[in-house]
């Protein structure tokens, strides 16, 4: 029973607790936070660290700045803008923010900058990853920023930067990742970053700098001590320098030096005057072969990796207290290390940080206990190689305590090349010929430099070392390395370069041959074409002359035959007229009694005359038709002959119809005088008057002759009652003529006066007596 009571009480307590919690959560304060937001929201902007004085915006323009001023106020100190929406920026739009100290513009398309309003509080200006190209605009802006200290213009498109104004407090300038090849900066600078540009020299770089970054430039020459001293420089970054020798530096306060990835073959610490150097980085120096001098005693971090070094100077790492050596970070790696105990004396201070135990199987005690008074290691070094006509250094792997003096000799011919004293760091060329001085040079550290190796320098070289314990020597063999001739760099490989050159020569010769063949073919084709066209022109002229001659001959024959027919016709008509006139005269003297008989007889005579005249006319017309048809057949035959020969000539000589047409036009072109002369001849032959009227009866100038019936038919003639011959018309029973004559006034009158005897009745003579009814 008690258990049941306790169970019921527990259930009631749980129900009460749940109900009270629901009541609390259902209150308005449980759903709404009535406190004001610390940072108001503007579309595209946010507060950095919930501060209204540090605003970051994305993809905005000038209109959004007014909204920012209204929402966040005018007390903004840092404004960061990403993706500015215009290609121009006028800094006057920031005038409503009098406390603005930092302006950062990133990832925009800015091309132009301007402004006139002075911003007295601005200290930092950064315009990165834009498209600025004019340094003069930037230099003008410095005048409106009197307190500016830092300016960043990285990732733009400057090809030169010229701004050496003195009225500025600018201390930090970042010009990295541009295209700058010429540089002029203010003398007030203390930090300069010109990495990843196109600088080829160190002109106009201030020596008052404390930090300098000149990495990834095309520097081929390093300035000397006299031209380049940095009394205040503390950090220098010269990564990926395109230098092989000549690196030197005078910076007494330098703490950090970085020359990673440089092309240095030789490094002389006697010329690197950095007594306070703490960090030295020389990683990935794949061409480094020799080192001279020693590190400063203050160095704490050293790195030499991926080099071609075979040893280091015995005193390269300074011997100091054990505690100091434990703090030094030393990173050294090479694939050609000489495992000689005396040549490994340099590793004693940093033995624990090297891989000598692994690579050479030597302990520190073994190296330290070795007796190294004097000696030269030459037998284990092998042949030393150098590239053709590229400066190459031959190392003398010597040792001794104290450091021995090194002398170089050429084995054959036996000539002295020079000497080096490591204690005084002096190089001597005593008793050395001028020829040897031109070819060889003694470097600091005792290595022999061959200035421009060729086959004459392939020889044995003797390195003689000497100190208070005696003298020793070693012979080193030098050979030329032709591996570069087969490298994959086409422009630096003899093999691939020769192959590419041969291909280019073959290609050029091929193109020249093709050009010569095409030129020759074109010239021959042009000559053959000229000859062919000349032959065609001559043949066309000959054919045209032949055609014209034949056509003239046909025309003359046709004219003669028509003239013969016409003369025959006139003769017959004249004979009939004479016969008719003589018969008429016989009957004119008869008296009135015989008038009727005479008239009937005259009518019979007239009918006979007309019949004979019709037969003569019909014969002449048929003969003219035959002549015309024969003439047309001969003309068509001549045209067909000319056309066939023309087509044959076009196919044989491969000429176009257009060219032949031009030739024919030039040959057939005759002057108007010749045409008029021909028309006059035709008019004279056909007896056509010059004042021939037109169809409508108006008198105009004589037009050119056209084909008419006079060419193909005979003229009509009749004899009137008086016995005179006059033009007449063709009787209705006459056969049709090929071409009808044009009607004229005279022909119409003749047609009206001429009629058949049967229809008009008897024609009376004016002398005959009147007829009796």
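Each residue, glycine too, has its Cβ placed from N, Cα and C.
Annotated signal peptide per Swiss-Prot: 1-20, in sequence order, evidence recorded as sequence analysis.
Sequence annotations record features per position, and here Swiss-Prot assigns repeat 'LRR 3' to 97-120. Sorting each residue of the repeat 'LRR 3' (97-120) by its DSSP state yields 0 helix, 8 strand, 16 coil.
The Cβ of residue 114 (N-linked glycosylation site) has 88, 89, 90, 91, 137, 140, 141 as same-chain neighbours under 8 Å, each 6 or more residues away in sequence. Per Swiss-Prot, N-linked glycosylation site is recorded for 114 (among others).
Taken from Swiss-Prot, the feature repeat 'LRR 6' covers 168-191. The average pLDDT for the repeat 'LRR 6' (168-191) in the predicted structure is 92.
Residue 204 (N-linked glycosylation site): 12 other CB atoms within 10 A of its CB, across all protein chains. Summarising the annotation, Swiss-Prot assigns N-linked glycosylation site to 204 (among others).
Taken from Swiss-Prot, the feature domain 'Ig-like' covers 349-479.
Sequence-distant neighbours of residue 361 (N-linked glycosylation site) (same chain, 6+ apart, CB under 8 A from its CB) are 339. What Swiss-Prot lists as N-linked glycosylation site is 361 (among others), and the listing cites experimental evidence.
Annotated N-linked glycosylation site per Swiss-Prot: 379 (among others), in sequence order, evidence recorded as experimental evidence. In the three-state DSSP scheme, residue 379 (N-linked glycosylation site) falls into the coil class.
In the three-state DSSP scheme, residue 396 (disulfide bond) is classed as coil. The disulfide bond annotation in Swiss-Prot covers 396-463 and rests on sequence analysis.
Here Swiss-Prot flags 494-514 as transmembrane segment.
Swiss-Prot lists 725-773 with the feature region 'Disordered'.
Per Swiss-Prot, compositional bias 'Polar residues' is recorded for 733-745.
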Length of the line joining the Cα atoms of residue 379 (N-linked glycosylation site) and residue 396 (disulfide bond), in Å: 12
Distal contacts, the transmembrane segment (494-514) - CB-CB under 8 A, six or more residues away: 482, 484-488
Cα distance (Å, whole number) from residue 396 (disulfide bond) to residue 204 (N-linked glycosylation site): 40
Candidate with the highest Cβ count within 10 Å, taken from the disulfide-bonded residues 396, 463: 396
Neighbour tally for residue 379 (N-linked glycosylation site), based on other Cβ positions within 10 Å of its Cβ: 8
Secondary structure content, the domain 'Ig-like' (349-479) (per DSSP, counts of residues): 23 helix, 53 strand, 55 coil
